[in-house]
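What follows is a single structure, written as structure tokens, with notes after it.
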């Protein structure tokens, strides 16, 4: 068995990636989220495949086909809710994975980090298009509002929006193409994940100390396969509690009303995992400015290697930057809350303050804290 594992041209790639991979001996449970994201992707592809067998991407039957899946298909309700709540678990793992990378300075592995940002954009695009497919009220109006943002692009904006819509409004052509893209993107994401792993295995994993761990490595299997399996059990338990007890808690009640272009919902809002970016978008009165802020709220992650001023890699031994980091986490939670609130006083001013704080902490305060900590270290 060992000979096959180490000599077979295909199996040896798997062996070097998941079995004999040298891993730092001290990586904590924060390093579990990569494998959990892989599991989420597999769950989403499998449940999505079975949903696609029964779904019809036509405006007149899309809503009914989703109802049919829940009522008439064997365990259709389970597949549908696993897919919908699986997306939420996916984003929880994604945010924790990115947060871990920011905390421990993993962004210094630039190729892996940039690949991760591309993956984040791809997953967000996939989730947005998936939300449109049930063709409920929030699906329709969410699609209308978000695609309309592209009209803020000077000169080509309006043409671009109509090109994406396939007409002069969100209609049959839009739904069909969104279904096509929503189906193909997870497979593209899978390919990007392999590239992400390829870059990661070029440098090896980071660790909580931020120090070089070449002198102290252990094989991935059995140590981290067992450790990851515990994470898998916790994730699956969390997902099944959501699916079986609170399947609609993260959804919007408006999406149980079929799409009606003549009736606008009181508050148009995306799924919870986009609310922080939506709050940043809404906090700027200018349309183009809002769109740029929206894109920058994610793209700013690409600047982190340039904004790294500390002599140390992670925040493990840096209390000032740690404080800034946790204020940033609290700020993101405030933005998420504001994104789900109506556009009125006092939510407008809270959103604007939180948006300014978000960019200020990342671009100014954290790099400054790094320099202050360097000076404190030099004082000895």
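Yeah, the Cβs are placed from backbone N, Cα and C, and that goes for glycine too.
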From 226-246, 247-267, the residue range that Swiss-Prot assigns the feature transmembrane segment: 226-246
Stated Swiss-Prot location of transmembrane segment, expressed as one of 8-28, 113-133: 113-133
Which listed span Swiss-Prot calls transmembrane segment, if the choices are 200-220, 347-367: 347-367
C-beta crowding around residue 196 (heme b b566 binding site), within 10 angstroms: 21
Beyond the flanks of the transmembrane segment (226-246) by at least 6 residues, Cβ under 8 Å: 29, 32-33, 35-36, 39-40, 43, 78, 81-82, 85-86, 88-89, 93
Neighbour tally for residue 83 (heme b b562 binding site), based on other Cβ positions within 10 Å of its Cβ: 21
For the transmembrane segment (33-53): best-contacting stretch of 77-98, 113-133, 320-340, by Cβ pairs under 8 Å: 77-98
Cα proximity to residue 201 (ubiquinone binding site), best match among binding-site residues 83, 97, 182: 97
For residue 182 (heme b b562 binding site), the number of other Cβ atoms found within 10 Å of its own Cβ: 21
